[in-house]
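Right, one structure below, let's go through it.
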Amino acid sequence: MLTHLKSVQKVDLLKRNNNTFAKPAVVSAFNTKGSSKGFQVSSKLSSTLKISLKPNDRAVAIISKSTNDKCASSDKPEKSNGGIVNVFNVLSDPANNSKVISLAVGQMLCSIATLIHDSYLPVYVHDELGLSTTNIGAIQGAAQFLCQLSKGVSGIAGDILGSQVRVLVFGTFLTLACKPMFAALSSVHAMAGVTATLYWFFFAKLSDRLSKGIREAPTKAVLNELARESGDSPDAAYGLRQALATAGMLLGSTIASFTFAATGQNYKLTFALATVPPFIALLWLWNSFKDELSSGAGAAKKAAEKSAVAAAGKAVSAAEAEAEAVKLTLPQKAWALVTAFKPAYWQALMVVSVLYFSRFDASFLSLRAKSAIPRSMLPMLTLVNSGIQVLLTAPLAKLSGSSVHTRNNLLLSGFALMVCANACFGLEVCRNAPGMIAGAALLGGHMAFTHATTVSMIAAYMPTGVVPGIGKVSGTAVSFTDLLLGFVLAASNAMAGILSDRTRVMGFGNTGCFAGGASACILASLLLMAFSKYGDLGKDELIQVRKGRGKGKAH
């Protein structure tokens with residue numbers, strides 16, 4: 001009896017008379033007529049598998065489709081599109097790759113919208129509407145806190161609802177819904193006064209940050225699932241998303257500047273333009289994920305069939321049913337969730353957490369830079385920083401997915417760039433225009449080398465599939481991670497402020513944060529090297545485990 005496997009091809013080897021077949025495939029089952037001793041296997045693991053048959057023998061080989069595809073691609077060199085087009089080919093499965101591009105473009109459009117109104121919003125509400133800097137700061141702080149909180153909830157909500165895509169689309173819709181509120185600020189001020197405008201601005205800003213947080217965790221969870229189904233590393237997908245998001249920031253601020261000038265410095269029309277990009281993003285996502293969003297019986301059946309083909313694993317339905325049938329108490333579920341995260345995840349999280357103590361807010365950089373260069377040159381630092389990220393993030397992230405060794409070397413290089421950037425900003429000899437521009441360029445290089453790569457490194461070690469007694473936890477894992485790193489970033493900014501105050505009192509200016517940032521990068525480098533040599537961050541097989549096609553139990 002042959003074992004029936006999903007997404008496999010049966011190849012009937014009918015050749016006889018000691019014919020030798022050289023097929024680049026893995027034989028997983030066979031059946032012979034006559035003597036089974038006549039079935040002999042001799043292979044070179046690095047090249048092909050040869051099957052020799054005696055006369056009157058018959059072998060049936062079941063060849064894995066994914067292995068067959070890989071070997072076919074090795075026989076024929078892949079045609080590379082090259083250049084920019086190749087950067088968009090982040091997953092081997094065309095359908096999943098198209099969805100990744102949709103997610104990245106949606107993120108870019110939302111970034112464009114945010115920068116269109118945020119480029120002038122602080123100046124507008126302060127100078128034109130009369131809100132105090134204290135109120136503006138309090139609203140910004142509350143909005144950032146709500147954003148981090150929503151990140152910690154949205155992924156869990158997606159797992160509970162059974163659809164991360166629905167939560168993502170809801171977050172995009174909320175982004176679209178809140179944008180007109182910024183254009184209406186002047187009308188609210190004219191009709192109801194400063195107090196009403198303060199509350200209106202507070203609600204608009206909180207809705208905007210809330211929508212960003214709601215989108216974040218489901219987007220990462222969907223990226224992880226798409227990469228897993230395609231059998232690819234998520235590095236390139238995260239790199240593309242980060243590159244397009246950064247490009248969106250540059251495009252948004254540029255569009256805001258041109259619109260503001262073209263409309264005769266009309267804030268209302270400039271802010272109104274921010275409603276267009278999220279509207280396009282919503283339509284794009286809806287069209288790209290219409291199967292997942294459909295609720296009809298026919299669509300559900302179609303989605304189930306497609307999922308079954310993509311899964312391509314043995315007894316998937318039985319495994320999931322068995323996992324869901326396990327009844328656990330709340331403490332047992334909490335313990336099952338914690339133990340689902342393997343040591344490699346905690347090691348990666350520790351490295352990234354230490355690194356984040358060098359990722360304090362850009363305002364510390366601005367405070368230092370304005371003492372070295374004219375304020376009119378400050379936007380140039382942002383342009384240099386963001387431009388390097390846009391150009392390098394996607395290709396470097398794609399390269400990092402080739403092996404764990406390559407990934408770790410890229411991270412160590414990025415950590416070194418951050419140490420050099422902190423030196424440029426902190427050393428007195430570099431307190432000039434060339435020093436500040438060099439620091440911004442090195443900072444952009446650091447972000448290109450590390451930001452998408454660190455996110456994908458943690459994602460590669462997250463539990464995937466089904467956890468017995470809990471179910472799917474892909475969104476929960478992302479939310480849990482984002483929540484922890486949110487607290488780390490808050491501590492990082494607090495530490496940067498304390499160190500800057502200390503060095504200013506000592507007569508060295510606002511340089512303490514840069515010394516602390518360089519120290520954090522050096523410590524993160526030492527941790528990464530230690531975990532690579534003595535821990536699990538240097539083991540390729542831990543990444544390869546999650547590359548199998550199909551959904552199974554959590555790894």
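Cβ atoms are placed via backbone N, Cα and C, with glycine included.
The transmembrane segment annotation in TrEMBL covers 182-202 (among others).
Cβ atoms under 8 Å from those of the transmembrane segment (243-262) belong to residues 87, 104-105, 107-117, 119-120, 269-270, 273, 277, 383, 386-387, 389-390, 393-394, 397, 452 of the same chain, restricted to positions at least 6 beyond its ends. Residues or ranges marked as transmembrane segment in TrEMBL: 243-262 (among others).
Residues or ranges marked as transmembrane segment by TrEMBL: 269-286 (among others).
Taken from TrEMBL, the feature transmembrane segment covers 334-357 (among others).
Here the transmembrane segment (378-397) has long-range neighbours at 87, 235-236, 238-240, 242-243, 246-247, 249-250, 365-366, 369-370, 410, 436-437, 439-441, 443-445, 447-449, 451-453, 456, meaning same-chain residues at least 6 beyond its ends whose C-beta is under 8 angstroms from one of its own. Marked as transmembrane segment by TrEMBL: 378-397 (among others).
According to TrEMBL, the transmembrane segment annotation covers 409-430 (among others).
Long-range contacts of the transmembrane segment (437-463) within its own chain (CB-CB distance under 8 A, at least 6 residues past either end) are made by residues 220, 223-224, 233-235, 237-239, 241-243, 340-342, 344-345, 348-349, 351-352, 355, 365, 380-382, 384-389, 391-393, 396-397, 400-401, 407, 410-411, 413-415, 417-418, 420-422, 424-425, 430, 473-474, 477-478, 481, 537, 542-543, 546, 554-555. If you look up TrEMBL, you'll see 437-463 (among others) marked as transmembrane segment.
Here TrEMBL flags 483-500 (among others) as transmembrane segment. Residues of the same chain lying 6 or more positions beyond the ends of the transmembrane segment (483-500) and with a Cβ under 8 Å from any Cβ of it are 148-149, 151-152, 349, 352-353, 356-361, 364, 367, 510-513, 515-517.
Through the fold, the transmembrane segment (512-531) approaches residues 347-348, 350-352, 354-360, 364, 368, 408, 411-412, 415-416, 418-419, 422-423, 425-426, 495-504, 537-538 of its own chain, all at least 6 residues removed from its boundaries and within a Cβ separation under 8 Å. Annotation comment: TrEMBL describes 512-531 (among others) as transmembrane segment.
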Please report, as numbers and ranges, the same-chain residues at least 6 past the borders of the transmembrane segment (269-286) whose CB is under 8 Å from any CB of it.
102-103, 105-106, 109-110, 112-114, 116-117, 120-121, 165, 168-169, 172-173, 175-176, 179-180, 182-183, 185, 252, 255-256, 259-260, 263, 293
